[in-house]
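Undergrad: Would you mind keeping the following structure in view while I ask a few things?
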Amino acid sequence: MLLVLDVSNRQTAVALFDADRSGPWWISTDPNRTADEVGLLLETLLRHRGVDPTRLRGAVLGSVVPALTRTVSQACARYLGLEPLVVGPGVRTGVRVRTDNPREVGPDRIANALAAFRRYGGPAVVVDFSSTTTFDAVSAQGDYLGSAIAPGLDMASGALAQRAAQLREVELLRPERVIGRNTVAAIQSGLVFGFAALVDGIAERMKSELGGGRVIATGPDVGPVQAEARSIDVVDPMLTLDGLHLIWELNAGEGSSR
């Protein structure tokens with residue numbers, strides 16, 4: 001059984017891969033947590049799910065929070081007896097990165113590109129609804145070509161509340177209509193329908209540059225937008241975790257087995 005960890009700025013996704021996939025489960029990302037705190041959280045989560053940590057054969061970690069990369073690695077070593085494979089420079093990914101500075105591309109983006117190409121083919125546009133909303137372009141050959149980055153839904157909602165005195169954060173739900181009849185509905189309309197239009201606009205422009213392709217959406221905040229963005233072809237909540245699993249297999253579990 002393989003433990004897969006995807007540490008993003010707001011949430012950390014946890015999944016298990018064996019004959020079947022289990023998860024994702026979500027833990028809030030806190031860069032101030034110690035290795036002991038993270039280790040206890042992981043061990044408790046696994047045991048709550050009926051998993052004996054000694055059954056784990058390896059672990060793979062993708063992290064975009066440098067302050068937590070070492071912390072999570074230490075937690076896995078102390079509490080699970082595993083040295084995780086940390087996805088980064090020098091790790092085989094099976095993805096050629098055709099950008100100006102490949103080292104700038106986060107492990108989650110590479111994992112998304114790999115999983116999207118393996119599961120759905122190319123060309124493709126991957127839209128990840130997380131702390132930010134990212135659009136990643138994958139060629140017909142599976143190469144990572146580049147991206148567009150926009151604010152995330154949660155970030156945009158928080159910014160409205162912080163920068164506008166009479167507005168507040170609202171629950172990210174689809175309103176009944178575009179024309180909101182109260183402040184909450186108006187904010188929900190702007191966020192949900194506005195982000196749907198953003199997704200459609202960027203995705204269609206990327207597809208035009210790619211010469212076609214499918215649009216695959218993932219991420220914890222995809223829910224409110226997926227039914228409104230006409231360009232989305234597939235919603236795959238496990239895409240990033242699947243990609244990290246594939247990277248682990250490409251490296252034959254180097255540095256992550258017992």
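We count from 1, first residue shown onward.
Using N, Cα and C of the backbone, Cβ positions are placed for all residues, glycine too.
TrEMBL entries are annotated by machine, without manual review.
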Undergrad: Considering the ATP binding residues D6, V7, S8, N9, R10, Q11, T12, A13 given in TrEMBL, which of S131, S139, S147 is annotated for that site as well?
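TA: Given D6, V7, S8, N9, R10, Q11, T12, A13 bind ATP in TrEMBL, the matching entry from S131, S139, S147 is S131.
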Undergrad: Give the residue from the binding-site residues S131, T183 that has the most other Cβ atoms within 10 Å of its Cβ, counting over every protein chain displayed.
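TA: Going through S131, T183 one by one, the largest Cβ count within 10 Å is at S131.
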Undergrad: What is the total of other Cβ atoms whose distance to the Cβ of S8 (ATP binding site) is within 10 Å?
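TA: If we count other Cβ atoms within 10 Å of S8 (ATP binding site), we arrive at 23.
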Undergrad: Could you work out which of the binding-site residues (G106, P107) has its C-beta surrounded by the smallest number of other C-beta atoms within 10 A?
TA: G106
